[in-house]
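Copied over from Swiss-Prot:
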COMPBIAS  1-26  compositional bias 'Low complexity'
COMPBIAS  69-86  compositional bias 'Polar residues'
COMPBIAS  163-180  compositional bias 'Polar residues'
COMPBIAS  181-203  compositional bias 'Low complexity'
MOD_RES   S45  phosphoserine
MOD_RES   S135  phosphoserine
MOD_RES   T174  phosphothreonine
MOD_RES   T308  phosphothreonine
MOD_RES   S384  phosphoserine
REGION    1-138  region 'Disordered'
REGION    163-203  region 'Disordered'
REPEAT    220-252  repeat 'ANK 1'
REPEAT    287-316  repeat 'ANK 3'
REPEAT    350-379  repeat 'ANK 4'
REPEAT    384-413  repeat 'ANK 5'
Amino acid sequence: MPSPTKAAEAATKATATSDCSCSAASVEERGPVNAANPSSTXATSGKIGGKTQDQTAAINKPKEFAVPNETSDSGFISGPQSSQICSEEIVPDSEEQDKNQQQSAPQKEQPVVLDSGIIDEEEEHQDTTTATADSMRLKHSADTGIPQWTVESHLVNRGEQLNNLGQSSSTQITGRSKFQSSTASTANANPSGXGATSSAPPSSINIXNAWEQFYQQNDDGDTPXHLACISGSVEVVAALIRMAPHPCLLNIQNDVAQTPLHLAALTAQPNIMRILLLAGAEVRDRHGNTALHLSCIAGEKQCVRALTEEFGATEIHEAHRQYGHRSNDKAVSSLSFARLPADLEIRNYDGERCVHLAAEAGHIDILRILVSHGADINAREGKSGRTPLHIAIEGCNEDLANFLLDECEKLNLETATYAGLTAYQFACIMNKSRMQNILEKRGAETVTPPDSDYDSSDIEDLDDTKMYDRFGDPRYFVSYNGGNPMTVA
């Protein structure tokens, strides 16, 4: 007689089978799901009366099922559903349940948060006092790397001086000394140092080493002194001179070998030129021209006067007062016996003096100033030995020739060039009949030019093209080759 437990189990199976509208064969067909786990199969067969062989045969026996038309489901019930049908008898193990749950659980995508810049309503209702306090603490504790003296720097206020470069006894720049006092007061007010920036302020700049900053060259080689001379700022030039520990800094050349004195001459700044000369500026440009050479070429009378007039006692005394702190090398002390007319005899790299440059440019007023300061009017230039009178004849400048003949008492009409030609002979060779008549009236010796290869045809051959054709002809070298033409490659 079957036990009550087995009868209850059989009734439960029958009820589940009827509810799912499945046949007994379908229930037996579910056996392979549990058959995959031998322990589960053994437990099932033990509870059903130990008919393992019959149940296995029933499972292995092929069955035919009615496939629904709506879906392609084969009719098998998955593991979790079969566990409900089989109730306590057919229960998969924990590993099988975990695997099924992982397969059935959908993968959740990570939410993508896009910041639209709109403040949520929750954030709007937050305590603004706390947020403000946090942000303020962050601002106070942040180190931006900017020195405090840079933030507190300002221009002239209430008539205060921007700097104290004009005071000979001062040793510090005013802006930096103000910072030191403000730093001391800040330190007394805040001894703990909370909220202070970590970057320490730079040390005060002394006048003794400030020239290193103010005499740096830019991409064109110009220093602040060059730029100040171009702009015509006399006060800035004087302040830069006071900072220079040695006069050689005033002779720094730019990329075209121009010093501040050259730029002052080119821009017609006589006052700046005078200051630079008192401070000991000199040196030539890339063509060997001094500031006086450039002024003679440009015809600037005021600049020429500033460069040729001797220093007065007042100027020398003022120079000692302003620049005496760096005169230990006798750069300024030598001004007491310096004489500027000595510079009138300096030649440039073409061998030309100031009188030659002024004569070539036709500046009679400049020549008058040079002659009044003792310039040699009979000086010969370095290339061919021409004097200013030869230059006037070559350019057929009657006004210049009349000035030289009338006002220059030391003019020598018989001064010859390196080729031995006087002014009258030079006029004959150049076919300047008007100039010959002027010289004859002034008492020049009417001597014909000496027999030489220097004639009017040679002057025409000075053209570059004719010179090339002349030397390009092999017959030109016949006389130098023993009568045999020289082959020119």
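Just so you know, glycine gets a Cβ as well, placed from its N, Cα and C.
It should be emphasised that the depicted structure is a prediction, and the values quoted were computed from it without experimental measurement.
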Least buried by Cβ count (within 10 Å) of the modified residues T308, S384: S384
Residues from the same chain, set at least six apart from the ends of the repeat 'ANK 5' (384-413), whose C-beta lies under 8 A from its own: 355-356, 358-360, 362, 364, 367-368, 371, 377-378, 419, 421-424, 426-427, 430, 432, 434-435, 438-439, 442-445
Mean of the pLDDT scores, which run from 0 to 100, over the repeat 'ANK 3' (287-316): 88
Three-state secondary structure, T308 (phosphothreonine) (per DSSP): helix
C-alpha spacing of S384 (phosphoserine) relative to T308 (phosphothreonine), in angstrom: 27
Helix, strand and coil totals (DSSP H, G, I; E, B; other) for the repeat 'ANK 3' (287-316): 20 helix, 0 strand, 10 coil
